[in-house]
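Some features that Swiss-Prot has for this protein:
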ACT_SITE  94  active site, proton acceptor
ACT_SITE  344  active site, S-methylcysteine intermediate
BINDING   114, 118, 121  [4Fe-4S] cluster binding site
BINDING   168, 169, 200, 222, 223, 224, 301  S-adenosyl-L-methionine binding site
DISULFID  107-344  disulfide bond
DOMAIN    100-339  domain 'Radical SAM core'
(Lines of atoms letter the chains of each structure in order from A; the text may use other names.)
(Lines give C-alpha, C1' and ligand atoms only; values in the text may rest on other atoms or scores of the structure.)
Protein backbone atom coordinates (compact mmCIF):
# COMPACT_ATOMS: atom_id res chain seq x y z
CA UNK A 1 0.00 0.00 0.00
CA UNK A 2 1.30 3.44 -0.94
CA UNK A 3 1.99 5.71 2.03
CA UNK A 4 0.45 9.17 1.77
CA UNK A 5 3.31 11.51 2.53
CA UNK A 6 2.96 14.68 4.58
CA UNK A 7 3.81 17.79 2.58
CA UNK A 8 5.94 19.84 4.96
CA UNK A 9 4.97 23.04 3.12
CA UNK A 10 1.50 22.63 4.65
CA UNK A 11 2.91 23.21 8.15
CA UNK A 12 3.94 26.45 9.84
CA UNK A 13 6.57 26.34 12.60
CA UNK A 14 4.08 25.28 15.27
CA UNK A 15 2.58 22.61 13.03
CA UNK A 16 6.00 21.34 11.96
CA UNK A 17 7.19 21.05 15.57
CA UNK A 18 4.02 19.15 16.47
CA UNK A 19 4.49 16.81 13.52
CA UNK A 20 8.11 16.11 14.46
CA UNK A 21 7.20 15.44 18.09
CA UNK A 22 4.06 13.34 17.60
CA UNK A 23 4.73 11.56 14.31
CA UNK A 24 8.52 11.31 14.19
CA UNK A 25 9.40 11.36 17.90
CA UNK A 26 11.95 14.08 17.21
CA UNK A 27 12.79 17.26 19.11
CA UNK A 28 11.59 20.73 18.12
CA UNK A 29 15.01 21.95 17.04
CA UNK A 30 15.03 19.35 14.27
CA UNK A 31 11.83 20.83 12.88
CA UNK A 32 13.43 24.26 12.97
CA UNK A 33 16.46 22.96 11.09
CA UNK A 34 14.25 21.50 8.36
CA UNK A 35 12.25 24.73 8.11
CA UNK A 36 15.43 26.74 7.57
CA UNK A 37 16.54 24.38 4.82
CA UNK A 38 13.19 24.66 3.06
CA UNK A 39 12.68 28.42 3.14
CA UNK A 40 16.10 29.97 3.61
CA UNK A 41 17.97 27.68 1.23
CA UNK A 42 15.14 26.64 -1.09
CA UNK A 43 15.92 22.98 -0.47
CA UNK A 44 13.42 20.24 -1.31
CA UNK A 45 15.83 17.28 -1.12
CA UNK A 46 16.31 15.74 2.33
CA UNK A 47 19.66 14.24 1.27
CA UNK A 48 21.07 17.75 0.82
CA UNK A 49 20.27 18.72 4.42
CA UNK A 50 23.77 18.04 5.67
CA UNK A 51 23.26 18.93 9.34
CA UNK A 52 20.46 16.35 9.64
CA UNK A 53 21.57 12.84 10.60
CA UNK A 54 21.16 10.13 7.98
CA UNK A 55 18.65 8.13 10.03
CA UNK A 56 16.26 11.08 10.21
CA UNK A 57 16.79 11.91 6.54
CA UNK A 58 15.83 8.36 5.58
CA UNK A 59 12.78 8.49 7.83
CA UNK A 60 11.67 11.77 6.28
CA UNK A 61 12.05 10.36 2.76
CA UNK A 62 9.63 7.57 3.69
CA UNK A 63 6.88 9.67 5.27
CA UNK A 64 7.26 13.28 4.16
CA UNK A 65 7.85 15.43 1.09
CA UNK A 66 8.47 19.04 0.12
CA UNK A 67 6.18 19.60 -2.84
CA UNK A 68 5.50 23.09 -4.20
CA UNK A 69 3.48 24.11 -7.25
CA UNK A 70 5.54 23.92 -10.42
CA UNK A 71 5.66 26.35 -13.32
CA UNK A 72 3.58 25.16 -16.25
CA UNK A 73 4.00 28.36 -18.24
CA UNK A 74 5.99 31.60 -17.91
CA UNK A 75 5.51 34.91 -19.65
CA UNK A 76 7.99 37.79 -19.47
CA UNK A 77 6.98 41.43 -19.88
CA UNK A 78 9.18 44.10 -21.39
CA UNK A 79 9.07 45.93 -18.04
CA UNK A 80 10.61 42.98 -16.16
CA UNK A 81 7.34 41.62 -14.81
CA UNK A 82 7.04 37.82 -14.93
CA UNK A 83 3.77 35.92 -14.87
CA UNK A 84 3.88 32.26 -13.96
CA UNK A 85 1.05 29.79 -14.38
CA UNK A 86 1.65 27.52 -11.40
CA UNK A 87 0.20 24.03 -11.45
CA UNK A 88 -1.73 23.07 -8.31
CA UNK A 89 -3.21 19.61 -8.61
CA UNK A 90 -4.70 19.46 -12.09
CA UNK A 91 -5.26 23.21 -12.46
CA UNK A 92 -3.27 26.42 -12.71
CA UNK A 93 -3.18 29.59 -10.65
CA UNK A 94 -1.22 32.69 -11.53
CA UNK A 95 1.63 34.29 -9.64
CA UNK A 96 3.20 37.57 -10.73
CA UNK A 97 6.69 38.91 -9.98
CA UNK A 98 6.90 42.72 -10.22
CA UNK A 99 10.35 44.35 -9.90
CA UNK A 100 10.37 48.09 -9.23
CA UNK A 101 13.58 49.86 -8.29
CA UNK A 102 14.97 48.51 -5.03
CA UNK A 103 11.97 46.28 -4.34
CA UNK A 104 10.39 43.24 -5.93
CA UNK A 105 6.78 42.35 -5.18
CA UNK A 106 5.21 38.93 -5.60
CA UNK A 107 1.46 38.83 -6.22
CA UNK A 108 0.11 35.54 -4.84
CA UNK A 109 -3.18 33.70 -5.43
CA UNK A 110 -5.31 32.26 -2.62
CA UNK A 111 -7.98 30.39 -4.60
CA UNK A 112 -8.51 28.73 -7.96
CA UNK A 113 -10.87 31.27 -9.51
CA UNK A 114 -13.07 33.55 -7.41
CA UNK A 115 -16.71 33.51 -6.35
CA UNK A 116 -17.22 37.20 -5.65
CA UNK A 117 -18.21 38.13 -9.23
CA UNK A 118 -16.80 41.65 -9.22
CA UNK A 119 -17.95 42.85 -12.61
CA UNK A 120 -14.67 44.56 -13.55
CA UNK A 121 -12.36 41.61 -12.81
CA UNK A 122 -11.42 39.09 -15.46
CA UNK A 123 -10.56 36.43 -12.89
CA UNK A 124 -14.13 36.58 -11.60
CA UNK A 125 -15.41 35.47 -14.99
CA UNK A 126 -13.98 31.99 -14.33
CA UNK A 127 -16.16 31.33 -11.32
CA UNK A 128 -14.86 29.58 -8.21
CA UNK A 129 -13.27 26.14 -8.10
CA UNK A 130 -11.57 25.62 -4.74
CA UNK A 131 -9.42 27.06 -1.96
CA UNK A 132 -5.66 26.63 -2.15
CA UNK A 133 -3.88 24.64 0.54
CA UNK A 134 -1.15 26.19 2.69
CA UNK A 135 1.47 24.43 0.55
CA UNK A 136 -0.09 25.88 -2.60
CA UNK A 137 -0.06 29.43 -1.23
CA UNK A 138 3.36 29.48 0.40
CA UNK A 139 4.58 27.21 -2.37
CA UNK A 140 4.05 30.03 -4.87
CA UNK A 141 6.53 32.14 -2.91
CA UNK A 142 8.94 29.21 -2.60
CA UNK A 143 8.77 28.41 -6.32
CA UNK A 144 9.08 32.06 -7.36
CA UNK A 145 12.17 32.46 -5.19
CA UNK A 146 13.68 29.43 -6.92
CA UNK A 147 12.76 30.74 -10.35
CA UNK A 148 14.36 34.14 -9.87
CA UNK A 149 17.52 32.59 -8.47
CA UNK A 150 17.57 31.86 -4.77
CA UNK A 151 20.76 29.84 -5.22
CA UNK A 152 22.60 31.94 -7.77
CA UNK A 153 22.78 35.51 -8.99
CA UNK A 154 20.43 35.95 -11.93
CA UNK A 155 20.48 39.73 -11.88
CA UNK A 156 16.87 39.78 -10.65
CA UNK A 157 16.06 41.35 -7.32
CA UNK A 158 14.98 38.88 -4.61
CA UNK A 159 11.41 39.07 -3.38
CA UNK A 160 11.04 41.89 -0.84
CA UNK A 161 7.24 42.16 -0.65
CA UNK A 162 4.31 39.77 -0.94
CA UNK A 163 0.77 40.90 -1.73
CA UNK A 164 -2.22 38.58 -1.48
CA UNK A 165 -3.86 40.16 -4.52
CA UNK A 166 -3.83 37.31 -7.02
CA UNK A 167 -6.68 35.00 -7.94
CA UNK A 168 -9.33 34.63 -5.25
CA UNK A 169 -10.51 36.39 -2.10
CA UNK A 170 -7.94 35.64 0.64
CA UNK A 171 -10.36 36.06 3.53
CA UNK A 172 -12.58 33.29 2.18
CA UNK A 173 -9.67 30.91 2.76
CA UNK A 174 -8.69 31.75 6.32
CA UNK A 175 -7.83 28.17 7.30
CA UNK A 176 -4.95 28.12 4.82
CA UNK A 177 -4.16 31.83 4.62
CA UNK A 178 -3.12 32.30 8.26
CA UNK A 179 -0.46 29.53 8.38
CA UNK A 180 0.90 30.72 5.02
CA UNK A 181 1.23 34.26 6.38
CA UNK A 182 2.92 32.91 9.51
CA UNK A 183 5.56 31.21 7.34
CA UNK A 184 6.13 34.41 5.35
CA UNK A 185 6.74 36.34 8.58
CA UNK A 186 8.67 33.68 10.50
CA UNK A 187 12.36 34.50 10.91
CA UNK A 188 13.23 30.90 10.02
CA UNK A 189 10.72 30.98 7.18
CA UNK A 190 10.92 33.75 4.61
CA UNK A 191 11.50 36.34 7.34
CA UNK A 192 9.53 39.13 5.69
CA UNK A 193 8.60 42.23 7.66
CA UNK A 194 4.91 42.44 8.56
CA UNK A 195 4.84 45.78 6.76
CA UNK A 196 5.98 44.03 3.58
CA UNK A 197 3.20 41.43 3.53
CA UNK A 198 -0.16 42.79 2.41
CA UNK A 199 -3.56 41.13 2.44
CA UNK A 200 -6.19 42.66 0.19
CA UNK A 201 -9.87 42.00 0.76
CA UNK A 202 -13.05 42.92 -1.06
CA UNK A 203 -14.90 43.17 2.23
CA UNK A 204 -15.29 39.78 3.90
CA UNK A 205 -15.89 41.21 7.36
CA UNK A 206 -16.08 37.83 9.10
CA UNK A 207 -12.57 37.00 7.90
CA UNK A 208 -11.16 40.42 8.74
CA UNK A 209 -12.56 40.18 12.26
CA UNK A 210 -10.91 36.78 12.55
CA UNK A 211 -7.56 38.33 11.58
CA UNK A 212 -7.93 41.07 14.19
CA UNK A 213 -5.65 40.28 17.10
CA UNK A 214 -4.40 37.06 15.49
CA UNK A 215 -2.15 38.15 12.62
CA UNK A 216 -0.59 41.53 11.93
CA UNK A 217 0.15 42.39 8.31
CA UNK A 218 -0.51 45.36 6.07
CA UNK A 219 -4.12 45.69 4.94
CA UNK A 220 -5.49 46.91 1.64
CA UNK A 221 -9.21 47.14 1.01
CA UNK A 222 -10.90 46.94 -2.37
CA UNK A 223 -13.54 49.65 -2.05
CA UNK A 224 -14.08 50.81 -5.65
CA UNK A 225 -17.25 52.83 -5.02
CA UNK A 226 -18.31 55.56 -2.57
CA UNK A 227 -21.95 54.46 -2.11
CA UNK A 228 -23.67 51.18 -1.32
CA UNK A 229 -25.90 51.48 -4.37
CA UNK A 230 -23.01 51.72 -6.81
CA UNK A 231 -20.79 49.27 -4.95
CA UNK A 232 -23.48 46.59 -4.97
CA UNK A 233 -23.81 47.00 -8.73
CA UNK A 234 -20.15 46.27 -9.39
CA UNK A 235 -19.29 44.20 -6.28
CA UNK A 236 -22.05 41.79 -5.13
CA UNK A 237 -20.18 41.16 -1.84
CA UNK A 238 -21.56 44.54 -0.76
CA UNK A 239 -25.02 42.97 -0.47
CA UNK A 240 -23.62 40.82 2.35
CA UNK A 241 -21.28 43.33 4.01
CA UNK A 242 -22.12 46.94 3.23
CA UNK A 243 -19.63 49.80 3.28
CA UNK A 244 -20.34 50.94 6.83
CA UNK A 245 -19.97 47.42 8.21
CA UNK A 246 -16.77 46.95 6.20
CA UNK A 247 -15.16 50.18 7.39
CA UNK A 248 -16.07 49.45 11.01
CA UNK A 249 -14.24 46.13 10.72
CA UNK A 250 -11.28 47.89 9.08
CA UNK A 251 -11.09 50.33 12.00
CA UNK A 252 -11.03 47.47 14.50
CA UNK A 253 -8.16 45.82 12.64
CA UNK A 254 -6.13 49.02 12.22
CA UNK A 255 -6.46 49.85 15.92
CA UNK A 256 -4.59 46.67 16.92
CA UNK A 257 -2.14 46.63 14.02
CA UNK A 258 1.45 47.83 14.07
CA UNK A 259 2.05 46.85 10.45
CA UNK A 260 -0.35 49.47 9.12
CA UNK A 261 1.02 52.41 11.12
CA UNK A 262 -2.48 53.62 11.86
CA UNK A 263 -3.87 53.74 8.34
CA UNK A 264 -5.23 51.48 5.61
CA UNK A 265 -4.61 51.42 1.87
CA UNK A 266 -7.86 51.97 -0.01
CA UNK A 267 -7.87 50.55 -3.53
CA UNK A 268 -10.21 52.25 -5.98
CA UNK A 269 -10.48 51.07 -9.57
CA UNK A 270 -11.40 53.82 -12.02
CA UNK A 271 -14.06 52.80 -14.54
CA UNK A 272 -14.77 55.33 -17.25
CA UNK A 273 -18.06 57.18 -16.57
CA UNK A 274 -19.07 54.60 -13.95
CA UNK A 275 -17.33 55.58 -10.69
CA UNK A 276 -14.86 58.25 -11.78
CA UNK A 277 -16.90 61.47 -11.77
CA UNK A 278 -15.84 64.39 -9.57
CA UNK A 279 -18.93 63.81 -7.45
CA UNK A 280 -17.74 60.25 -6.82
CA UNK A 281 -14.40 61.65 -5.65
CA UNK A 282 -16.12 64.05 -3.26
CA UNK A 283 -18.37 61.27 -1.96
CA UNK A 284 -15.31 59.08 -1.40
CA UNK A 285 -13.55 61.85 0.52
CA UNK A 286 -16.55 62.34 2.80
CA UNK A 287 -16.92 58.58 3.27
CA UNK A 288 -13.30 58.21 4.39
CA UNK A 289 -13.05 61.38 6.48
CA UNK A 290 -12.85 59.36 9.71
CA UNK A 291 -10.72 56.55 8.25
CA UNK A 292 -6.96 57.23 8.15
CA UNK A 293 -6.24 56.10 4.62
CA UNK A 294 -3.90 56.22 1.68
CA UNK A 295 -5.89 55.99 -1.55
CA UNK A 296 -4.48 54.00 -4.44
CA UNK A 297 -6.27 54.73 -7.72
CA UNK A 298 -6.18 51.89 -10.24
CA UNK A 299 -7.05 52.80 -13.84
CA UNK A 300 -9.06 49.94 -15.33
CA UNK A 301 -7.13 47.51 -17.51
CA UNK A 302 -9.40 46.39 -20.38
CA UNK A 303 -9.74 42.70 -21.21
CA UNK A 304 -11.71 40.93 -23.97
CA UNK A 305 -15.45 41.00 -23.34
CA UNK A 306 -15.34 43.60 -20.60
CA UNK A 307 -18.09 46.26 -20.66
CA UNK A 308 -15.79 48.83 -19.06
CA UNK A 309 -13.18 51.24 -20.36
CA UNK A 310 -10.14 52.94 -18.88
CA UNK A 311 -10.78 56.63 -18.13
CA UNK A 312 -8.84 59.31 -19.97
CA UNK A 313 -5.74 60.68 -18.29
CA UNK A 314 -7.54 63.97 -17.70
CA UNK A 315 -10.37 62.24 -15.81
CA UNK A 316 -7.87 60.28 -13.73
CA UNK A 317 -5.97 63.47 -12.93
CA UNK A 318 -9.12 65.38 -11.94
CA UNK A 319 -10.26 62.53 -9.68
CA UNK A 320 -6.87 62.42 -7.97
CA UNK A 321 -6.67 66.19 -7.48
CA UNK A 322 -10.19 66.31 -6.04
CA UNK A 323 -9.21 63.78 -3.37
CA UNK A 324 -5.99 65.65 -2.65
CA UNK A 325 -8.02 68.79 -1.94
CA UNK A 326 -9.35 66.86 1.07
CA UNK A 327 -5.76 66.22 2.26
CA UNK A 328 -5.61 62.54 1.34
CA UNK A 329 -2.41 60.90 0.19
CA UNK A 330 -3.28 59.66 -3.30
CA UNK A 331 -1.28 57.52 -5.70
CA UNK A 332 -2.10 56.21 -9.16
CA UNK A 333 -0.97 52.63 -9.65
CA UNK A 334 1.44 52.11 -12.50
CA UNK A 335 0.28 49.50 -14.98
CA UNK A 336 2.78 46.65 -14.96
CA UNK A 337 2.85 43.56 -17.13
CA UNK A 338 -0.26 44.41 -19.12
CA UNK A 339 1.39 43.06 -22.27
CA UNK A 340 1.25 39.59 -20.68
CA UNK A 341 -2.20 39.99 -19.09
CA UNK A 342 -0.59 40.27 -15.67
CA UNK A 343 -1.93 43.66 -14.63
CA UNK A 344 -4.52 44.03 -11.88
CA UNK A 345 -7.81 42.43 -12.91
CA UNK A 346 -6.31 40.44 -15.76
CA UNK A 347 -5.25 37.29 -13.96
CA UNK A 348 -6.92 34.61 -16.02
CA UNK A 349 -5.67 31.04 -16.13
CA UNK A 350 -5.90 29.82 -19.71
CA UNK A 351 -6.20 26.17 -18.72
CA UNK A 352 -8.99 26.62 -16.17
CA UNK A 353 -12.39 25.70 -17.53
CA UNK A 354 -14.84 28.56 -17.42
CA UNK A 355 -17.72 27.34 -15.30
CA UNK A 356 -20.90 29.07 -14.21
CA UNK A 357 -20.99 29.73 -10.49
CA UNK A 358 -23.99 28.79 -8.37
CA UNK A 359 -26.03 31.45 -6.62
CA UNK A 360 -24.40 30.77 -3.27
CA UNK A 361 -20.92 29.39 -2.65
CA UNK A 362 -19.74 27.94 0.65
CA UNK A 363 -16.28 28.92 1.95
CA UNK A 364 -14.99 28.14 5.43
CA UNK A 365 -18.57 28.12 6.71
CA UNK A 366 -19.32 31.59 5.34
CA UNK A 367 -22.14 31.91 2.82
CA UNK A 368 -21.54 34.68 0.32
CA UNK A 369 -24.24 35.63 -2.22
CA UNK A 370 -22.90 35.90 -5.73
CA UNK A 371 -24.36 36.57 -9.13
CA UNK A 372 -24.28 34.11 -12.00
CA UNK A 373 -22.37 34.95 -15.14
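Including glycine, each Cβ sits where the backbone N, Cα and C put it.
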Next item on the list: Could you tell me which three-state DSSP class residue 121 ([4Fe-4S] cluster binding site) falls into?
Entry: coil
Note to self: Considering each pair of residues in 168, 169, 200, 222, 223, 224, 301, all listed as binding S-adenosyl-L-methionine, report the largest CA to CA distance in Å, no decimals.
What the structure shows: 19
Checklist line | Under 8 Å by Cβ from residue 222 (S-adenosyl-L-methionine binding site), same chain, sequence gap 6 or more | finding: 118, 200, 201, 202, 203, 235, 267, 269
Notebook entry, point to check: Of all the recorded positions given, namely 94, 107, 168, 169, 224, which is spatially nearest to residue 114 ([4Fe-4S] cluster binding site) at the Cα level?
Noted result: 168
Check: How many Å lie between the Cα of residue 94 (active site, proton acceptor) and the Cα of residue 301 (S-adenosyl-L-methionine binding site)?
Finding: 17
Item checked: Mapped DSSP class for residue 168 (S-adenosyl-L-methionine binding site), helix or strand or coil -> coil
Check: Hey, how far is residue 223 (S-adenosyl-L-methionine binding site) from residue 107 (disulfide bond), Cα to Cα, in Å?
Finding: 19
Next item on the list: Write down the Cα-Cα distance for residue 121 ([4Fe-4S] cluster binding site) and residue 224 (S-adenosyl-L-methionine binding site), rounded and given in Å.
Entry: 12
Notebook entry, point to check: If you count Cβ atoms within 10 Å of the Cβ of residue 169 (S-adenosyl-L-methionine binding site), leaving out that atom itself, what do you get?
Noted result: 26
